[in-house]
Amino acid sequence: MNGSSTIATVRTSAMRAPAAIIKPGEPFHLRCFLTKPFSSSPSSLPIDPEPPDHDLPLLLHSILSKPNWQKHPSLPKLIPSISPSHVHSLFNLNPYLLPQTALDFSYWISKKPNFMHSVYSYSALLNILVTNKFFGPADKIRLAMIKSPASADESRFVLELLKDMSKDNELHSRFKLSVRSYNFLLMSLSKFLMIDEMKSVYSEMLNDRVSPNIFTWNTMVNGYCKIGNVVEAQRYVSKIVHAGLSPDTFTYTSLILGHCRNKDVDSAFRIFRLMPTKGCRRNEVSYTNLIHGLCEAGRVDESIKLFEAMGEDFCYPTVRTYTVIICGLCEAGRKSEGIKLFQEMSEKGCEPNAHTYTVIIDTLCKENKVDEARKMLGRMLEKGLVPSVVTYNALIDGYCKHGSMEAALEVLGMMESNNCCPNDRTYNELIAGFCKKNVHKGMVFLDKMLALKLVPNLVTYNSLIHGQCKMGQLDNAFRLLEIMKENGLVPDQWTYSVLIDSLCKVDRVEEAHILFDSLKEKSLKANEVIYTALIDGYCKVGKIEDANCLIDRMINEGCLPNSCTYNALLDGLCNIKNVKEGLVMVKKMAEMGVKPTVETYTILIERMLKEGDFDHAHRTLDQQISSGCQPDVFTYTAFIHAYCGVGRLKEAEDMMVRMNKEGVFPDSVAYTLLLDAYGCLGLTHSAFHVLKRMFDAGCEPSVHTYCLLIKYLLKERGARDVSHALNMLSDAMLVNHADVWRTMEFDIALELFEKMREHGCVPNVNTYSKLIIELCRVGRILVAQKLFGHMRDQEMSPGEDVYNSLLRCFCELGMYDDATIVVELMIKSGQLPHLDSYRQLICGRYDQGDKDKAETIFGGLLHCGYNCDEVAWKILIDGLLKKGLADRCTELLSIMEKRGCRLHPNTYSMRPLHCSSFWMGSSVVQIADCIPFGMPAQNIKPGYERSKHLLRSQDSRKPYFCYPAQAVWLNRCRAPQKSMAACPEEPTAIISVRKHHAEPCWHYGYSLIKPPFQLSKRPP
């Protein structure tokens, strides 16, 4: 029942004159209840979830105090601003308002567009009515309030309110709940799966001597069946029978639901078949519940048969029936059938609802058809349907996985403008999307998430750790790991697999192994992904024996190697030119029941081709095809590479033709290899023709493609030059790609663009970007600047990567004024400079003695919306502290705190690698230099200038190879009083090292810090 119909009913009831039942200065307990938090509930219930503008309730009270208030000229202007929270405040702040006026106003406002009473506005009105003994109207308002909860918290609010009212014996005797009210209360609780509360209300109902009816018992059956507790539901079925009643369609339909929720579809089928024998007609809900259960059990074909048989019982599919089966088809991979059924719905007179559209939008996004999904959202809105957070999340996730972050943000904006609040999943999807390209933006959304009081979970931190690792920021990844654990989250196998893999990729295999060994202490079992990452790491550094030992250990621990594991080892063997042993290992794979993959064959073929054994490589290719494993672009590219390397261009071109026939499209590597081969033969025209083929195929040339073209243009220029010495110099210099970029001048770029146009390849944003980025990489800033200017002259907008390359190059060359200009340009265009570049720029300004400019740049950085912790890590810890600029670090930290930046407690206890400073609280103090690994403590001199003593260990233990944050244990040494008086300036705290099997990152040693200091939390 909605607000307007309830109030209308109440308004026509006979009214009594108000009679006060409270003494002056002695508030009625119900009103007190409405203005205090509840300690009985797990979390405080929101009395006024949207704190209103306090002027509006006061203004409304002033208007209602006048006769004929409905005609007041101010009301029409106020209507759009009046919300249920305003009405709640109006009634709650004015309990002596005439009940007739309160009812009239409630009815009047409920008739206005987009207004619907909340449990809070009803509760405040109920207080006025009960206080004035308007029990008839109050009963109807109470019933409307019981029906209106939109969340579990609101339902709990109603329950606690009703309990509080029942404590007044006089009121309870005159205003007790009827069986109808109890039934609706049970239904409200059942809606939010509040089963314990339902059980309590049922007991109170019996204690109140209100006799349950079949609706009561059916509601209890339905509540328990929703959570799959059929055993408890059957107890209430027994009560129906003992009361001399018969279970009806609702009862049996609930039992079908219960069995399906319990994943016992066969028992649900038995109930379904039993219904006609008990004289109970099966209805649409009975069919839909069973169809849903079959779909969830993967029995989609049976669900379709049942769907088609509904007409036999004169039942017709509802929108929910269609939605359930469409969802089942899509989840079973039969997406085209699901979409076809969606299209048939309207033709059969059943219009899809918001949930149906959500299923289709999600399906289209998973098929990478995000544009179609966006159109579907448009259709949904045109039909007046309201998308839910799930709908928006499906589309945001689709755009994020597609890499279209701007489109994802547009959907977020649409979502917020339509008053649909993002949830933790929304932000997790956005964070995961940004972390693929720019982890800084991912960290920004972590801040936004916290600002909305959303709690980051394991998925959040795993995405951020992965993003930091992808950007090569392993220190930040381990910092996030510490924060994650400090927040009570337990890293899982995925977390450690990313960290181990990232350490291996930068040749820190031994550190990866230490982290791997620590998993056992963390009660985590290494899975095949973790093992494979470490095995691959050992193979990449040529330690095949260690990799073999890991495979043996893997098998002994019951973790079976998969094809990726064997492929990593096979690649390692082939890299050390041991194809024979590699072939033996492939046989071993088969014996273990692991089928060779396309990658397995490609690794072998590549090695054979490198050794010049083309016949063996072709036989292996034939064997691959005959085994049903189709070659991919990497397999074919291996042949193209080999043929181009020996000048057999015809065979290479034939392989390109074969690829296309097989439906495998060449990538930029294949085209670039062919282009290089033509260039080596001096056929520059043919090389540009290959470039044209790339453009026509929609294949974006890589930086290597452009580098090779420039290389051959330089060679042509050298050949045209009369100076043989210059020609020889050119050939000698162009040995590798870096030499090409170091030699290239602006006119060569213009020549490249001209040649491209001659061959029908118009230079685009990517062309300019790749050239500028590579020129910046080798410090050719003047040429890069000219290209940047030329790019803008062509009305092309440089991307964030171009700006960041220029910024990094300016900083590395000490051109800080130019770097500052780039930063300003980026900020104006809404782009985020990399924090590494900011670090170089700010430290550079300090090195120049330009403190004011450094602080100005830092202040501008804080306005860009970066994550505060990441700013502290990169600028303060890895930048200033690492350079020994402790005082400057303190000053910038003070600026952050004045700007309201809130740092995680763990950030305050972090320190940089091999640094002579320690950050504690809001101050930075000098400490001893880190002890080199294995050096006894007594050989270390303190780094603190005023300390004259040698540093000694408290327990004579030698320093260990240690880890961040947890590895340092701060102990306050209580020196004798006379010593403290004699040496007031001496340090009195010592950092001792404990051995932890935690995340390896830095070497820590025994260090001195100057007191006073505070440690908010001891490391575990």
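The backbone N, Cα and C atoms fix where each Cβ goes, and this holds for glycine too.
These figures come from a predicted structure and were not determined experimentally.
These come from TrEMBL:
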DOMAIN    745-894  domain 'PROP1-like PPR'
REPEAT    213-247  repeat 'PPR'
REPEAT    248-282  repeat 'PPR'
REPEAT    353-387  repeat 'PPR'
REPEAT    388-422  repeat 'PPR'
REPEAT    457-491  repeat 'PPR'
REPEAT    492-526  repeat 'PPR'
REPEAT    527-561  repeat 'PPR'
REPEAT    562-596  repeat 'PPR'
REPEAT    597-631  repeat 'PPR'
REPEAT    632-666  repeat 'PPR'
REPEAT    764-798  repeat 'PPR'
REPEAT    799-833  repeat 'PPR'
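Sequence-remote contacts of a segment are chain residues at least 6 beyond its ends whose Cβ falls under 8 Å from one of its Cβ atoms, and for the repeat 'PPR' (799-833) they are 438, 440-441, 444, 765, 768-769, 772-773, 776-777, 779, 781, 784-785, 788, 791, 840-841, 844-845, 848, 850, 853, 857, 860, 863-866. Among residues of the same chain six or more beyond the repeat 'PPR' (388-422), those with a C-beta under 8 A of the stretch's C-beta atoms are 354-355, 357-358, 361-362, 364-366, 368, 370, 373-374, 377, 380, 429-430, 432-434, 436-437, 441, 452, 454. Beyond the ends of the repeat 'PPR' (353-387), by six or more residues, the same chain brings 319-320, 322-323, 326-327, 330, 335, 338-339, 342, 345, 394-395, 397-399, 401-402, 404, 407, 411, 415, 418, 420 to within a C-beta distance below 8 angstroms of the stretch.
Taken together, the residues of the repeat 'PPR' (213-247) have an average pLDDT of 96. The DSSP breakdown of the repeat 'PPR' (562-596), given as helix, strand and coil counts, is 26 helix, 0 strand, 9 coil.
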